[in-house]
Amino acid sequence: MGPEGKTLLNIIILGFGFMFMFTAFQTCGNIEQTVIKSFNSTEFHGSGYTSMAIIYGVFSASNLIAPSVVAVIGPQLSMFFSGLVYSGYIAMFIHPYTWSFYTASVVVGIAAAILWTAQGNLLTINSTDATIGRNSGIFWALLQFSLFFGNMYIYFAWHGHVHISDKDRQTVFISLTVISLVGSFLFFLIQKPEPEATPSEASESLLQTESTESAPIIVATPGLGSQALDAFKKALQLSVTKEMLLLSISIAYTGLELTFYSGVYGTCIGAMTQFGNDAKSLIGLSGIFIGLGEILGGGVFGMLNKCNRFGRNPVVLLGLITHFVAFYLIFLNIASDAPIAPEEGTHLQAYITPSVEVALLCSFLLGLGDSCFNTQLLSIVGFMFREDSAPAFAVFKFVQSITAALAFFYSNYLLLHWQLLIMVVVGFLGTLSFFVAEWVVVSSRRDTDYDNI
């Protein structure tokens, strides 16, 4: 197998590893608030929203050290050990305690920062300027199959259930733990990429001290303390560059809508008593439709590599329009108190007769719009910061996770229409800032080589 085939295989393995891991974790996040309402008792007092706020808050802070960890032990081992922590968080729900619930939330926040920094590093070093868009799409589409499989299981397992029993909970979370572990071990199949270079290019690469093709994959290099410190400093430097500041608003928006589609919206659907006894199982069906939207978006705008021909801006604009349509329909269809309703649900009605079909259409639109934003952000960050990919993706996840943490926190208190309004404002500003960032990239390409950005 040639170097290009090997790097493509690495991207596919990376995607499958994340697919298995997040089949478990995203399904867990989608159902945990509903599950917690079912087993809240005198022995357990916890909130799924609060747990996710802790995860993303710690995640955000831990991105400051994540590049150093990846630099020391390499991206492959970083992802493996982080995956084990994710599995531990999921397994905690088999026999939950308040102390273990919130402790696991802290630990998985640290692991998440390391996991996603390593993922961005591996994606970049296995891509070229010509393949970064394609590879981002392949990875994103495979990752989002996780929403399809996990939530399909939830739909059939909980069909017709008004209350989630201990047996139902334990069966689901044992299965999810095993699936997560499979994903972690898949990372060992990733191979070190072989650089494609002509003899002259090979000699030039010896003079480049920070060549991406010399990035560590499995074995750490000498001078680990200095390497870790340099990675930390580079992350701080990148965070205040013009390009990263422009992208930060778009990245912040993806954090807000990540919170909404991965935790809040499913809870809203499950709380709608007008949907009947199937409301709980509809949480899983909603996740399936979100996954279908994500997969379609990743395939069309990533694997077909349309962004290279038409630019990234039209894709991001499509994502914004798609989300605005979804937000408007959700506002009309879902009761305002649904995010904070008790286990028995809400009896309030929004502005139209509640419709399951409209709710699932919104799920699909949420996923499609999310894929539009994320595939283009992965592409532009990996493209602009090729030689500093680990610190750049650490900054990416720092911004995304801190806004996700904020959104999970206010989801405990804010009614649905206020949450939608916040996303509308930030989404509009984020799209404008992305347009400017893309213009900077295009201008730089005309004036200089991309490698100098």
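Yeah, the Cβs are placed from backbone N, Cα and C, and that goes for glycine too.
The transmembrane segment feature in TrEMBL is assigned to 7-26, 46-65, 77-95, 101-125, 137-158, 170-190, 244-262, 282-304, 316-336, 348-369, 390-410, 416-437.
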Beyond the flanks of the transmembrane segment (282-304) by 6 or more, those residues with Cβ under 8 Å of it: 26-27, 30-31, 34, 133-148, 150-158, 261, 265-267, 269-270, 275, 315, 319, 356, 359-361, 363-372, 375-376, 379
Candidate ranges 7-26, 46-65, 137-158, 244-262, 416-437 - greatest C-beta contact count to the transmembrane segment (348-369) (under 8 angstroms): 244-262
Dominant neighbour of the transmembrane segment (170-190) in 46-65, 77-95, 316-336, 390-410, 416-437, by Cβ pairs under 8 Å: 77-95
Tertiary contacts of the transmembrane segment (316-336) (same chain, 6+ residues out, Cβ under 8 Å): 250, 257, 265, 268-269, 271-272, 297, 346, 348-352, 354-355, 358-359, 361-362, 365-366, 368-373, 376, 415-417, 420, 423-424, 427-428, 431, 434-435
Cβ contacts the transmembrane segment (137-158)/the transmembrane segment (7-26), at least three under 8 Å, sequence gap 6 or more: yes
Annotated stretches the transmembrane segment (101-125) and the transmembrane segment (77-95) touching (3 or more Cβ pairs under 8 Å): yes
Any contact, the transmembrane segment (77-95) to the transmembrane segment (416-437), with at least 3 Cβ pairs under 8 A: no
For the transmembrane segment (390-410): best-contacting stretch of 46-65, 244-262, 416-437, by Cβ pairs under 8 Å: 46-65
